[in-house]
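Lifted from Swiss-Prot, the feature list:
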BINDING   Gly56, Trp58, Asp76, Asp92, Asp117  S-adenosyl-L-methionine binding site
ACT_SITE  Lys157  active site, proton acceptor
REGION    332-366  region 'Disordered'
MOD_RES   Ser333  phosphoserine
MOD_RES   Ser335  phosphoserine
MOD_RES   Ser336  phosphoserine
COMPBIAS  337-347  compositional bias 'Acidic residues'
MOD_RES   Ser347  phosphoserine
MOD_RES   Ser356  phosphoserine
COILED    356-404  coiled coil
CROSSLNK  Lys357  SUMO2 cross-link
MOD_RES   Arg389  citrulline
REGION    454-482  region 'Disordered'
COMPBIAS  456-474  compositional bias 'Acidic residues'
MOD_RES   Ser547  phosphoserine
MOD_RES   Thr567  phosphothreonine
CROSSLNK  Lys573  SUMO2 cross-link
MOD_RES   Ser578  phosphoserine
REGION    579-654  region 'Disordered'
CROSSLNK  Lys637  SUMO2 cross-link
CROSSLNK  Lys653  SUMO2 cross-link
MOD_RES   Ser670  phosphoserine
CROSSLNK  Lys672  SUMO2 cross-link
MOD_RES   Ser682  phosphoserine
CROSSLNK  Lys704  SUMO2 cross-link
COILED    733-771  coiled coil
MOD_RES   Arg777  citrulline
COMPBIAS  805-815  compositional bias 'Basic residues'
REGION    805-841  region 'Disordered'
COMPBIAS  816-832  compositional bias 'Basic and acidic residues'
Amino acid sequence: MGKKGKVGKSRRDKFYHLAKETGYRSRSAFKLIQLNRRFQFLQKARALLDLCAAPGGWLQVAAKFMPVSSLIVGVDLVPIKPLPNVVTLQEDITTERCRQALRKELKTWKVDVVLNDGAPNVGASWVHDAYSQAHLTLMALRLACDFLARGGSFITKVFRSRDYQPLLWIFQQLFRRVQATKPQASRHESAEIFVVCQGFLAPDKVDSKFFDPKFAFKEVEVQAKTVTELVTKKKPKAEGYAEGDLTLYHRTSVTDFLRAANPVDFLSKASEIMVDDEELAQHPATTEDIRVCCQDIRVLGRKELRSLLNWRTKLRRYVAKKLKEQAKALDISLSSGEEDEGNEEDSTAGTTEQPSKEEEEEEQLNQTLAEMKAQEVAELKRKKKKLLREQRKQRERVELKMDLPGVSIADEGETGMFSLRTIRGQQLLEEVTQGDMSAADTFLSDLPRDDIYVSDVEDDGDDTSLDSDLDPEELAGVRGHQGLRDQKRVRLTEVQDDKEEEEEEENPLLVPLEEKAVLQEEQANLWFSKGSFAGIEDDADEALEISQAQLLFESQRKGRQQQLPQTLPSCLKTEIMSPLYQDEAPKGTEASSGTEAATGLKGEEKDGISDSDSSSSSEEEESWEPVRGKKRSRGPKSDDDGFEIVPIEDPAKHRILDPEGLALGAVIASSKKAKRDLIDNSFNRYTFNEDEGELPEWFVQEEKQHRIRQLPIGKKEMEHYRKRWREINARPIKKVAEAKARKKRRMLKRLEQTRKKAEAVVNTVDISEREKVAQLRSLYKKAGLGKEKRHVTYVVAKKGVGRKVRRPAGVRGHFKVVDSRMKKDQRAQQRKEQKKKHKRK
């Protein structure tokens, strides 16, 4: 015999438990919550009537979502436990007594919402139960029509049966919007659905037959349609082909394609385009691909059709241009023919045409005069508007006491001969101070010219003569040095241009009150005095680190500068590079060697660029330094002169060895025989030549665990190196140690400042002891010194002790009692959380 399942417990779903947790009296409360979330009918309601309200879950939801001063009435056959701000009645909604009781409670009020979640006692047969529920819904609708206000809502539960459609038709006659829905809280196996009726029409008179079950649920005989009625008598007209179109293949000409108003529609109907015009066929746009596409348009894709449209556009432009040229030629020929005919005409015809020409000239002259008058009037209006606008501005300035009455706006501009505002740069200032030198220029132009200016073109000619005198190798060397020299000149000219631009931006007539370096330092101090840099400013160690980093960077850069000349051959230093270094050195000093010349150039560049903006100097350093670094870091390179520059080899990077590697290294370093034996033993039966990735990972891991040869290392040595490795791992990294030291230093500094403030508070005489304690507590709290974590002592409880545990002997402060059960519960909770995470993934 089969075992019957527990029906009651299986129906306890998540909404059942949610109702228990939130305090609702039934799980059906969530149905109303979901309906209200979708249709929003409770927030605006001021009065509500709940029919079949027991046990009161829907009343609880209504009291929660409706305004506080709302009127809520609940009716049911069974008594309902009292709820705050809710009136409950124990009546039968199908009787007249219930209607009288509701009128007594509501008085003259009309409700905005009527709810009905009622259902009869079920269990006899499904047909009887469905009819009883439909009858109960009809009675609820009758009450709703009596007490519902215009535009109100009626929400009811209905069973899906054959009486559902008649009910829906009655709802549609009385309400503006009727929607049937099934909320998520309603069980899937349940036959209930909820009908939301909104916008009550409130008719003056409702036919009583609507609420009569015999009439409302009366079966209507539907006449069956015969076969002749189902078959359509007239055959519909076939669509898809044009009338009179007997063929599906349409051949058109290219001229029709060019004249088509809608080319896309033309291509959809055409099958082939014939290029019948010889001139269009010879056009450059008519390629072989276009000819192939024109042969069968129905098989073309989007790309080919777009190419045909572009081809049509080009041809239309060509044809339009050709027609314009023909029209111009025709006009010229016609004008020449008319002149000939005019010469051959009689004098009488000329006399008849003269009056007409004179009339045209007179009319044209009058039109020109009218246009000139209109332009003059417009110009006068424009000047008048401008004058009025200036007067209005002047009047406003006088009213605001910005100007004197006798001063006009026209006097504001500097129209004098000596205007200081026009001087915007150093060059203009020099021109003003020098005066007019045009006379001197004319005097110098009259003098005979002894000096000869050699242009760049003549220099190029000298270069060509030099090329003929030198060997190819010497010529290559000279050209290389010349290129380097030109690069240096370009950089120096760029720096000078930047200087000139800065001088032009600054007004030379304005004398700065402070020097530029002092002004830049004050601007930097003003920037770093903001609140966001307060913590950085207080930390002395941060400034120390920055200064140390700058010193280290300078020393490394000087070292690189000193290493570069050492790597060059001696002949490269003395013979070839000495002219270059002499060019780079300052004019007032002479370089004794190539290295001194290079350092001299560096110093000159630094001094020259220090006055310029910091960003430009940093960009120059960044653009020069990496070039030198790249030349050193890469392999040996041969310069244009044929000399090989030997790079400085960086030391090899050390590998980080594990304890096993350290022990093997000690064995290898101890004796050559042990090293040789170790190498020989590395070729054994456990050694294979598989590539990485050929074997599965689980197989490789298993081989490493079970098929490995023991190394000739003792346990003591391995333990020694493991201990040493653990000590190394226990040390904090440099950054962590520095951060901890900085944190400790900040805390000590903060503690010292707080101690000084506390001494000042203690020495104050004007305040009481209680105020002193409060101020000291606030000082230590702001300093972050009173935020010590409370120490918790864990006490393991024994079995049979019970819930109340006394403080054990020797335990001070806060303590917590734990047991093995709590540990197991925590582990179970962690396992559940892990399972939930895996399910979400």
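Counting starts with 1 at the first residue shown.
Keep in mind that glycine also has a Cβ here, set from the backbone N, Cα and C atoms.
Projection of Swiss-Prot feature records onto the structure.
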residue: Trp58; record: S-adenosyl-L-methionine binding site; Cβ contacts under 8 Å, 6 or more apart: Ser28, Ala29, Leu32, Asp50, Gly74, Leu115, Asp117
residue: Asp76; record: S-adenosyl-L-methionine binding site; Cβ contacts under 8 Å, 6 or more apart: Leu51, Cys52, Ala53, Ala54, Thr88, Leu89, Gln90, Glu91
residue: Asp92; record: S-adenosyl-L-methionine binding site; Cβ contacts under 8 Å, 6 or more apart: Leu77, Cys98
residue: Lys157; record: active site, proton acceptor; Cβ contacts under 8 Å, 6 or more apart: Asn116, Asp117, Gly118, Ala119, Gln133, Thr137, Glu192, Ile193, Phe194
residue: Arg389; record: citrulline; Cβ contacts under 8 Å, 6 or more apart: none
residue: Ser670; record: phosphoserine; Cβ contacts under 8 Å, 6 or more apart: none
residue: Lys672; record: SUMO2 cross-link; Cβ contacts under 8 Å, 6 or more apart: none
residue: Ser682; record: phosphoserine; Cβ contacts under 8 Å, 6 or more apart: none
residue: Lys704; record: SUMO2 cross-link; Cβ contacts under 8 Å, 6 or more apart: none
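Neighbour counts were taken as the number of other C-beta atoms within 10 angstroms of each residue's C-beta; across the recorded positions Gly56, Asp117, Arg777, the minimum falls on Arg777. Within the chain carrying the compositional bias 'Basic and acidic residues' (816-832), a Cβ under 8 angstroms from the stretch's Cβ atoms is held by residues 792-797, 805, all 6 or more beyond its ends. The two recorded residues, Gly56 (S-adenosyl-L-methionine binding site) and Arg777 (citrulline), show a Cα separation of 55 Å.
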